[in-house]
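Data block below; observations after.
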Amino acid sequence: MERKWALLLFLGMVTLVSCGLREKHVQKLVALIPNDTVRSILKAVVHKAAKTQFGCPAYEGYCNNHCQDIKRKDGECHGFKCKCAKD
């Protein structure tokens, strides 16, 4: 039962992340899970998923929107990661 609950939570979090929520929002949801191995695994998975930015190659303008949102700079896709312009 615990595995099914963890899988359901994981899939829900992946869905939320793909909708444009940032890692900090999803980590707040992870904090609601009791402190155990499942929680630490979910935290690591959410962190890795947030770093890869799967929308980068799939959606035109994704990185520009992402970089404007977090740094107020232009951005471009580089592999599976967004690169924001430097000063």
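Glycine is no exception: its Cβ is also placed from the backbone N, Cα and C atoms.
According to Swiss-Prot, the signal peptide annotation covers 1-19, on the basis of sequence analysis.
Within the domain 'BetaSPN-type CS-alpha/beta' (53-87), the DSSP-based counts of helix, strand and coil residues read 14 helix, 8 strand, 13 coil. Swiss-Prot lists 53-87 with the feature domain 'BetaSPN-type CS-alpha/beta', giving sequence analysis as the kind of evidence.
Annotation comment: Swiss-Prot describes Cys56-Cys77 (among others) as disulfide bond, evidence class sequence analysis. Taking Cβ-Cβ distances under 8 Å and a sequence gap of 6 or more within the same chain, the neighbours of Cys56 (disulfide bond) are Tyr62, Cys63, Cys77, His78, Gly79, Phe80, Lys81, Cys82.
Annotated disulfide bond per Swiss-Prot: Cys63-Cys82 (among others), in sequence order. For Cys82 (disulfide bond), other Cβ atoms within 10 Å of its Cβ number 19.
The Cβ of Cys84 (disulfide bond) has Cys63, His66, Cys67, Ile70, Lys71, Lys73, Asp74, Gly75 as same-chain neighbours under 8 Å, each 6 or more residues away in sequence. Taken from Swiss-Prot, the feature disulfide bond applies to Cys67-Cys84 (among others), supported by sequence analysis.
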